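Everything below concerns the one structure shown next.
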């Protein structure tokens, strides 16, 4: 995830011509990528469990996800989080004093606002009596915020919790080197002029070289893009397949944007700038243009490029989660139930991005569902190669038997139900905020397309992953 | 480790035996017609790229022998003759090995230097054809690429290597007393520059793939892959092949040039190397350094320098000729026979001839966090073994833990592991002061103080808490295991494991079995030792086992020589001049004078007069004055922290004076002194074989060279007897026997060998 720091989408020239060209040949890339007719509504058992409170999402919003370095670039993370919270308040009209607790996920922390949830909540005018905390779990940080909320409500501690996530990649903490920091700290402790001078005499020019936020997995020192490239190679996924998938994501996102399906977006009036109301990373290109890009990580022969990776994004999301009783008592018509969820983790070197492969069967089994019960799949797209590798891993008996301890493969995912409104590749991926977007998209798609169960899954740095079942709230 | 069978050469092949009518192979033809008849090499065609696969049957590694080379040339000739093929990829089908070198037996079969020269010339001819190939050839290297394998790779037009730990490149021929004889001395300097080429060829060191890329030895790296829909190793080789095919196409289409950009330093070096004067200086410096280090005992390094020099100064024809001639000469030297013998012995001592133990050691416990205990713990946690390290005091334990950490951290500095890996390896070590969790231990190695009563005490304590299957191993250098086992409830589980200090550097492990030790216990100890990366000899119990027992008479002679007025410095230079890596007086300081005294007294009691000679009083007085050697800062020399120079300890003069013996002029020439030391060693080693302490002469040689620093150029005491004739050694012993008496009486087995000249330890 952090690896993408170095490679932004900007080296993919974007012109309006591309969009035109795309319109001429929409989805010509591969027949299997074509969208299929919407699924029929099924009426099934619900996943409610005896003696456990039902937990619902009343609604969720996000501010538009923007390429980093664009309209949000002068803001701070808590500004974005605050905007999301205000958007949610406006959308749901929930009285501030009803909110018991607030949780936000974030990854690259602004040191000044390390508990960004609290700063945003105070700024948004919530009661200073409403506690807030911030969680981090790489790309599934807001998933962790949501499931923490679920835990707090299910255990009866609270009834109303706000969960969200925020990431601002336009500004990241760049530190002084350890040597410089040490000298500065020692200086602050020095008592006499002599001590100060003797400390200063130890100064060397290389103390000034800055320390950038880690662009690599700490345990393996490997950047995520590099790992994604190796993963794609391990599953023998070609450059063309990856470019085709990325094109699909951008095309579907464009379509969803044009048709106004991305209803979780709330407009954000950026101080000193125009009001932002649309995601700005959706740029369907052509395979020919994409083929021209050089590999970004494994040079000169790798397959992961700027065009088939998710780009550095600024954004925030927020969600109102309640116990069903409370929501109904307050007169809400909730959007969805949050059902079973799992976290998984595996080898951070060679299986860094295979979280969804492990999480999917586990959460299905936990919920007593099969793949065919799922009407809507919303997976986090870190890289085209990562998504396709997960597809292949789930469709491989060999992988299931040798690495997952299963007798048979998980099965092929029905592409027509998969990320039909675009994904992180096209909509953008503010690390800390993506989880809430996935859940809200699943909920909104279920309502729009008439399904009952949605499956949300995501991979994360550290070789971790998450899966959750979203059940639509009966109309 | 001497890395592989590496002689860098191929022999006869019939270059023109293949008709040119094989041009019918068409596009997408994936198998060659001759496939079924070939067992070592086959090839398929991907588009217009031929993929040649090397796969020696029934072997874990590919070695260049006659079959592989003739099939390889057959295949290459087909490829060159086929108009549809525009480039080729050369790859191994074996995970973990590209080509481990030439078949060492090919050289062993040569009777004369002319024959060996021909072996070299045949190899040179094949690789010249590859080098001049008009169709670009890409070597796709995964795993070891050594000796002849590297020479093969550098004859190709392009090299792509997998960036994993198994992939190492190098020319280890010098370690076998020979030189890279298939063009290595000529091509390497051109490829990586003269200084780097000298470094590679004179040290024989293995170079990891990423380093090789920086040096220009390989052109591209391929990252190893994790699991996909196939096992990682399999898919990685496939991927390497795909990438190599891509580059082969690019080279054939001239979209990629094999030339690479050199860095500034490299450019400057190669510029400087164009100046004849600078080159002469480089040759001179390297030669001087080599002479100083080898003391003229190893001929190979100087010949390597010569061959390189000839090629650069007189042109390649002269260079290749010099290379092959010197190769032939070297192949016939005693030194190369000795070194190759050691290589074979080492391979043998890396196997567990006692079979697979019933229970694998998963939980190890080490008692005593001293130098040895911590060292044993380090080489264990290093290999992922959970290890309990127990000591009696927090300070002692902390010192041991710090030693392990430092050992691991040094590896981080050398970039052998990352700091993260270091931390996770270090987590395998659990330090403690009690016997907690010993009930889960599969093996306990004690490294407590060398005192029988203490060993008895810990043995009883350990047996009270460990499970029945737990092996109790004693790390002792001289105490008989039988005596330690005397108080055991489970003597069949008691064994000796004699490690050498420093444990993480010394390769040898001497395992000592008593009459009650079961085969499974031995198998378990050997398996653990192998896991720790040790070269293992298994010997019978007895005072001093094998290694200490050989060392004791030698050290006794050393003391006598010192008493006779030969100074420690002179003695050191005489012993290192004979090939010992460490001088005899320095060795005593390193081992510890108190330890030497202990051993001398114990073994003196056990073996009596044969172990006499020097007066133990000398050691006693040293111990009394606190001259314990390096560990106390003073011994024969004075040691200062941070300083490598060592000066004689002048306080020793009075001790020497008080114990002075008259030198015997008939046995006091420099050569006599060297032989007095060495023959006592050799005689005792042969006696160990005679008495059955040693099972095989191979183990005797490996133990002497890797544990005690017996001169490697002599190949160990038994190889030495074979190569220099038992008769000559017996003559020497008789001569000294006449002067000093029984200590030099040759043992029966040695006499047997002297009496029948056809009898050899190595047939």
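Every residue, even glycine, has its Cβ placed from backbone N, Cα and C.
Feature list (source: TrEMBL):
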type	residues	note
ACT_SITE	B:510	active site, for hydroxyacyl-coenzyme A dehydrogenase activity
DOMAIN	B:364-541	domain '3-hydroxyacyl-CoA dehydrogenase NAD binding'
DOMAIN	B:544-639	domain '3-hydroxyacyl-CoA dehydrogenase C-terminal'
SITE	B:151	site 'Important for long-chain enoyl-CoA hydratase activity'
SITE	B:173	site 'Important for long-chain enoyl-CoA hydratase activity'
SITE	B:498	site 'Important for hydroxyacyl-coenzyme A dehydrogenase activity'
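Across the domain '3-hydroxyacyl-CoA dehydrogenase NAD binding' (B:364-541), the prediction's mean pLDDT works out to 96. Of the listed recorded positions B:151, B:173, B:510, the Cβ environment within 10 Å is emptiest of other Cβ atoms at B:510. A gap of 11 Å separates the Cα atoms of residue B:151 (site 'Important for long-chain enoyl-CoA hydratase activity') and residue B:173 (site 'Important for long-chain enoyl-CoA hydratase activity').
Sorting each residue of the domain '3-hydroxyacyl-CoA dehydrogenase C-terminal' (B:544-639) by its DSSP state yields 68 helix, 4 strand, 24 coil.
Secondary structure at residue B:151 (site 'Important for long-chain enoyl-CoA hydratase activity'), taken from DSSP and collapsed to helix, strand or coil, is helix. Following the DSSP three-state reduction, the secondary structure of residue B:173 (site 'Important for long-chain enoyl-CoA hydratase activity') is helix.
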